[in-house]
Structures are given as C-alpha cells and as structure tokens.
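Chemist: Shown below is the structure under consideration.
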Amino acid sequence: QLHSDQDKGDGSLKYILSGDGAGTLFIIDEKTGDIHATRRIDREEKAFYTLRAQAINRRTLRPVEPESEFVIKIHDINDNEPTFPEEIYTASVPEMSVVGTSVVQVTATDADDPSYGNSARIIYSILQGQPYFSVEPETGIIRTALPNMNRENREQYQVVIQAKDMGGQMGGLSGTTTVNITLTDVNDNPPRFPQSTIHLRIPESSPVGTAIGSVKATDADTGKNAEVEYRIIDGDGTDMFDIVTQKDTQEGIITVRKPLDYETRRLYTLKVEAENTHVDPRFYYLGPFKDTTIVKISVEDVDEPPVFSRSSYLFEVHEDIELGTIIGTVMARDPDSASSPIRFSLDRHTDLDRIFNIHSGNGSIYTSKPLDREISQWHNLSVIAAEINNPKDTTRVPVYVRILDVNDNAPQFAVFYDTFVCENARAGQLIQTISAVDKDDPLGGQKFFFSLAAVNPNFTVQDNEDNTARILTRRNGFSRHEISTYLLPVVISDNDYPIQSSTGTLTIRVCACDSRGNMQSCSAEALLLPAGLSTGALVAILLCIIILLVIVVLFAALKRQRKKEPLILSKEDIRDNIVSYNDEGGGEEDTQAFDIGTLRNPAAIEDKKLRRDIIPEMLFVPRRTPSAPDNTDVRDFINQRLKEHDTDPSAPPYDSLATYAYEGNDSIAESLSSLESGTTEGDQNYDYLREWGPRFNKLAEMYGGGESDKDTS
C-alpha cells in the first residue's frame, strides 16, 4: 500500500502508478493506494518489477509529492521439476571393466531459484539398471557396479535415472531420463577349432595353386578382436601345401604347393594353428589366444597322362645327313601303376612340310625329307605322347632341332655389277672392285679367292685377300666400234671343306669417257644415228594419241544415247492389264478361236454399251454409227472404231483391254467356217488375204484356190 503524508482521508488526492506491468499486471487503488496483482506471477518469467508511484491533487492534477520509485521482488516457490536435455542417452563401456568405471554423466536443470531454499537442489538416483550400474547422487555420473561384465553374455542395458529437487526430500519434484548402455568388445576370447581333426581329399592331377579346402576357427569376439592368422606349424606335408588367411571370411584356405603323385604318397598330415592377431595384454591370463587342429589330406588316384623324361629336347644334326637318319629319341612313361604302353606322334602343325617323322613305338625322330640350313636353321617340333589304352590322355613336349652347317653352297657375286671401261683406258687401270657372298656359315668365318677362268689379254683380276678383288685392264685403248662388250669369267672359291667354287661372268661395256674418266656414251650406234626425238617428246606424243582415242569413244557414246528410245521399254510399262499371247493359233481347224464374223457384220453391233471397267463421270446418249458395207475391209472397220473412241470424251486417256469370263448370249454373226457360213461363196472375196503378208498365205490358198477350182469344174 502506498500512502502520502498529505492524504487527509478526504478523497482529495489521487494515486497513480507507472513502470513495469503498471495497468496490466499491477493496478493501484487511486483512493487508498493499495497495489494489487491482476494474475498469477511466475518468477521464472521475471524475478522483479520496477514501478513508480505519485500522489496528485484530484482537482488540479498537480503532484503533491515528488514521484517515488520502488521494486517488487518475486519470491520463488518450488513449482518446476528438474528436466534433462535428452530424453534418451546412448553410452558405451568396454566389457570386463572394473567396478566404478565411468560410463556417462547426465545433468538435469531446475528453473527454480537456486539461491532460495532447496527448490533447485537436485539429487540423482537410479530407478532401473541395478545391480549392473550406479549413479553418483550429486554429479549424475553413471558407473559400473559389477565386475567382469561379459559382452558375449549380454550386450545391451537400459538404465533409468531420476533427478529430484528439494535435495531429494519428500515433496520434491522429479524428472527421469533413459540411458542405453552398450558393452563394447575386447579380445577376451581365444579362437577355437570346432573339430580336432579335419579330413580333406584332392586328385593327384590338381595343378599347383589349387584350393583343397578350408579350415575355420571360431572366435566369440567381433571386429579386429576376432581376426585370426592361420599357419602350418608341423606335419609331413609342410613343403607340399600352403595355407592362406581369407580376411573377409576369416578362413584358412589350404592350397597345393608342389605337384602331387598318388603313386609316391597317398596321405599327408598337417598341424594347423589359428592365432589372434590383436591380443590385449590385460587378458593374457585368459589365454593362450590360439588353437590347433590336425588336417589329413588324402591324394586320390587319377589316370594321369604320360610324363616325358625332359621338359624339352634339343637335337643337333648336319644338313647333309641321309634320309631316314635318326636325329634323336624322346622318352615318356605312364606314371600310373598300370604303366600303359605309350604311342608317340608329331603335331603336324609344327611340321607342315613333313620334313621329320617319328616312330610311334620308341619315340625316335628321323628325317623324311632333305635338310637345308640355308632355308631353315631351326625346326620347332611338338611331340605328342598318348596312352594306347586311353588315347585322349595326351602330353606334349617341345623338340628343338638345330641344323648344323655343311659347306654345300658356292660363293657368288655379292651384287650385279654394271662394269664399263673407257676407250682411252690405260693398262693397269682399275675398272671394278668385286666382292662375294656365301649362304654357308663356317665356324672360322668366310674366306674367298678370286681368279680368272682363263688367261685374258684384255683384263686381269687381282685378289685383295679381304674377300674382295680388283678388275684391272691389261692393255691401252679400247674401241667400241670394234668390240662394244667384253665377257670376263671370274672364278670364286671358298676355303671350307669340301671346297666350293662358282664362275661369275662380268659384262664389261666399252664407253666413251671425258678426260676425267666419266662415262658419256656406251652405244656404238650413238655416233652414227642422227639426233632424234627425246624420250620426253615420245611420251608427249603417246599422251596425245591416248587423249584423241578417249574423245572418239566419248563422242560415239553420246551419239548412241541420242537415238530415240522405244515408247514402251518392257511389258512392265503397260499401265493396264494387257494379256500377251505368244501362240499364233490353230488355223482353220481351230473352231474355238475368235469368231471374226462379228467384225464383218456390223449389224450385230447393237446400241453402244457403257464401259464396265471404269465408272463414267456422266452418261452420254448412245450414238448410232452407220453400218459398214458387207465387204468393208477389216482394217477400215477397226480404224473407224478407233476414231470413234478417240473422240469419245468418256473414254480415259489410255487404252483399256478388259477380259470378261462370261461368254454371254449367242452371237448374231454366223460362223466363218466354210461348212457353216451363212453367206454364199459369191458374197465372199478373199483376194485381199494375199496382201496381208506370208502369215495369211494359207488362208489365201484355201479360199482363193477354192473359187478357181469351182470355175474349173
């Protein structure tokens, strides 16, 4: 309540209020000065309010005292329970942890005033999760309460923590939260093989690297704590087998290290160890963290292919051996206990020329054609060995045949020599240096000797003793008019055994040379013949002739194309269905042919029928055409009808030939036969048939001849 010393109780003063919440949250009785709250006040929203009050004269509205300021402080009560920032917490702790190991700390908050009473004093307790975990009342730290909690027994725990204010006393408010705790794995379990002995089988034909089988040790731990390394630590097959650890499956894969042989050994025993790769020193007392098992591997017998005594064979033979000579022998055996006989053969794809052959029984390889080192120095053969009892089971071995050289080729000129001698050459002048080659390849290298086949008065050869020789002149001056070409036989021999030699002939032309010895002309006729056309001129003339021939051919082709093409190129160009008959007919005896009397009896043509093959655009009144005389020529009759149809506007712009399968009524016209003709012989005149050509000669003779016979009779 506010009260002014000037207030005499007569109601002359008026109290007014301003500041925080004045008029809304707080109101004042203007007569008595009592201050009232209009609604419930929450300290957690605002703890204090600053207000100003003043007393004024009700009539003059002037203040009677200075304005005074005061503060309304809200006292706290316990009306807020503790709350956790998370409804559910997630935490983890390693298994086998000691008692009191900290797991996680949870913290609750209370909106009440911590400085006023115990409204904000929080105490933590555990409602669910005992006896595995505990919580510190003051701090909210959750700790393990049992020793050696094993993840393999139980991995997940749910703990409910309560936070209560008023120091945990009765009447205090509380809130709860849930903490999900997971025990993480540690390496506290060693690997264990489920079986003490494992049996595996493998065929003896399995190649090196083949997987025989797998072994696996189980480990209750997870992740890297369950990683295992496998090794073979003992046994009689340590050098025959390997074991590889498969990281993704944690299995030990046993593979073949060396080729197996059933006939040599049929059973192997291995001692395999599995050991953890990550061992925790804290749990050594639970060890050892490894285990062993015995693996017995049985080798199964299979029908193996033959085995050669060597992986490859090399034979050397001279190229001059006789046909049928044995150059070497390959040997193979059946590794099986049955020891089946072996048959040998050559792969002809490696000996397409069939130079060699092999004895199928003993494997001896011999020649069937002559050898030539100069053609092929090496022959790479493939020999096939197969069991007689099982021909499909084969083995191959490479056989390399090296052909050794024999001096069987004579040396020859290295190149073709174009040699000339100048007319003004002097005796002893060098005109050519020659060399030789030999297909043979002697061990000591090539050595050639050069000489003349006979004494030559014009030239001589001088051996340089380095596989070359010089050709020298023996006299002064040569004349191309007398002899234009000299042939000089040169003998070339080698020094190998047996000595081989050959004679090569040098063609030496006599040429005119300048003072420096440069050749100018070697033809004797060049001095006598006048200067003619050069080669370039001849080529130009030849090109002109070819161009003229091409022009003539093009002109002829253009002229041929200018000829008028036929109107109808083929039957396919006919636009309507025109049936073409290639038979001439049976003559007079053919009574089934077309009755030509219809064309000769115009009276039989009645009113013009409308076309049935097309739909006319409009109907026209049929026109009567004058009747043609009885003796009207058929050609005139057809021309007349053609003219009428050409002028008919209802007809299409093309001819149309329609074929009707319906025969129709009997024709008014009579038969053309001489036996049943309705006209007399005097009314018929067939002389015009002779004018129609050779095809109608028969009719002209029959009808024209008959009339003359009558006259004769």
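Here the Cβ of each residue, glycine as well, is placed from N, Cα and C on the backbone.
Take a look at what TrEMBL says about it:
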DOMAIN    4-84  domain 'Cadherin'
DOMAIN    85-193  domain 'Cadherin'
DOMAIN    194-308  domain 'Cadherin'
DOMAIN    309-413  domain 'Cadherin'
DOMAIN    413-527  domain 'Cadherin'
TRANSMEM  527-558  transmembrane segment
Chemist: Using DSSP, how many residues in the domain 'Cadherin' (413-527) fall into helix, strand and coil?
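Modeler: Within the domain 'Cadherin' (413-527) the tally stands at 4 helix, 55 strand, 56 coil.
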Chemist: How many of the residues that make up the domain 'Cadherin' (4-84) does DSSP mark as helix, as strand and as coil?
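Modeler: Computed counts for the domain 'Cadherin' (4-84) are 0 helix, 32 strand, 49 coil.
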Chemist: Summarise the model's confidence over the domain 'Cadherin' (309-413) as a mean pLDDT value.
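Modeler: Taking every residue of the domain 'Cadherin' (309-413) together, the mean pLDDT is 92.
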Chemist: Using DSSP, break the domain 'Cadherin' (194-308) down into helix, strand and coil residues and give each count.
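Modeler: Per-class counts: 10 helix, 56 strand, 49 coil.
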Chemist: Give the residue counts of the domain 'Cadherin' (85-193) per reduced DSSP state, in the order helix, strand, coil.
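Modeler: Its residues fall into 3 helix, 46 strand, 60 coil.
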